[in-house]
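I'd like to ask some things about the structure below.
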Amino acid sequence: MTVSIDGVSKYFLKQTGTVQVLENINFQLEEGDFVTVIGPSGCGKSTLLKIVAGLDNDFEGEVVIDGEPILKTSKKQGFIFQEHRLFPWLTVEENIAADLSLKDKYVKDKVREWVEIVRLDGFEKSYPKEISGGMSQRVAIARALLRDPNVLLLDEPFGALDAFTRSHLQEVLLNIWEQKKTTMIFVTHDIDEAIYLSNRIIIMSAKPGKIHKVIENNLPYPRNKTSQSFQQLRTKVLQQFEYGGLIQTSI
């Protein structure tokens with residue numbers, strides 16, 4: 001399974017004229033890759049994810065998953081937003097199943113499997129208002145992975161959470177990745193998060209958004225954020241922002 005992003009450019013039409021958001025984005029992912037995308041605000045990271053997800057088909061270039069051009073959403077792509085976007089009138093297990101029927105034994109068994117993987121045992125019948133924000137994001141992760149997508153796209157899914165919950169969900173996500181080897185593209189503003197999670201870090205520059213640098217991350221798992229090797233890689237990434245002219249409002 002491969003994901004190929006070839007020559008992707010994106011323009012928005014505004015009252016003041018045409019604005020280019022992405023310029024000639026090219027990269028490939030092999031099965032089981034975990035890639036993080038990081039860059040200044042406004043560099044088009046989220047726009048790129050929406051294109052790969054098939055949520056935006058008004059672009060130049062091509063996105064191909066398993067040899068098939070992507071122009072619409074499909075079961076090949078799972079998407080997790082910063083907000084969990086759960087249906088408040090559905091229980092945890094019903095949200096995970098989404099439009100699939102829990103009366104189907106296969107669906108019921110799959111939902112039960114994912115409830116266990118994301119550690120929500122005992123909360124299957126709970127409603128979103130009865131669980132925490134971190135638990136709600138675990139439901140969103142399970143929902144996105146229930147259909148076994150070829151690639152999971154994550155748009156700053158832990159950005160609004162407190163540090164302790166974010167750290168816990170990073171571990172949950174890594175455990176899932178190690179078990180399932182789902183290919184992942186994860187957008188973040190957090191350099192430590194990018195280094196901790198992925199095996200490749202794509203650094204983007206802004207206006208228009210383009211790939212500034214790709215850094216291979218060969219640190220062994222599990223990773224220690226206080227280790228010398230982690231800090232050395234962190235310095236290497238930071239230098240791209242400091243000396244590459246990428247720092248604007250935030251990283």
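Quick reminder: no glycine exception, Cβ is built from N, Cα and C everywhere.
According to Swiss-Prot, the protein carries these features:
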DOMAIN    3-231  domain 'ABC transporter'
BINDING   GLY39, PRO40, SER41, GLY42, CYS43, GLY44, LYS45, SER46  ATP binding site
If you count, for each of the binding-site residues GLY39, PRO40, GLY42, GLY44, the other Cβ atoms lying within 10 Å of its Cβ, which residue has the minimum?
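Least crowded of the binding-site residues GLY39, PRO40, GLY42, GLY44, by Cβ count within 10 Å, is GLY42.
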Any idea which of the binding-site residues SER41, SER46 has the thinnest Cβ neighbourhood at 10 Å?
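Sparsest of the binding-site residues SER41, SER46 by Cβ contacts within 10 Å: SER41.
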If you draw a 10 Å sphere around the Cβ of CYS43 (ATP binding site), how many other Cβ atoms fall inside it, taking every protein chain shown into account?
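The Cβ of CYS43 (ATP binding site) has 25 Cβ neighbours within 10 Å.
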List, in sequence order, the same-chain residues at least six positions removed whose CB sits under 8 Å from that of LYS45 (ATP binding site)?
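Once residues fewer than 6 apart are set aside, LYS45 (ATP binding site) is near VAL37, ILE38, GLY39, ASP155, VAL187, MET204, GLY209.
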Beyond the listed site residues GLY39, PRO40, SER41, GLY42, CYS43, GLY44, LYS45, SER46, identify every same-chain residue whose Cβ lies within 8 Å of the center of their Cβ atoms for the ATP site.
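Close Cβ neighbours, site residues excluded: MET204, ALA206, GLY209.
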Which whole-number mean pLDDT does the model give the domain 'ABC transporter' (3-231)?
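Mean pLDDT, the domain 'ABC transporter' (3-231): 94.
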Which secondary structure state does DSSP assign to SER46 (ATP binding site), in the simple three-class scheme?
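Where SER46 (ATP binding site) sits, the three-state DSSP reduction gives helix.
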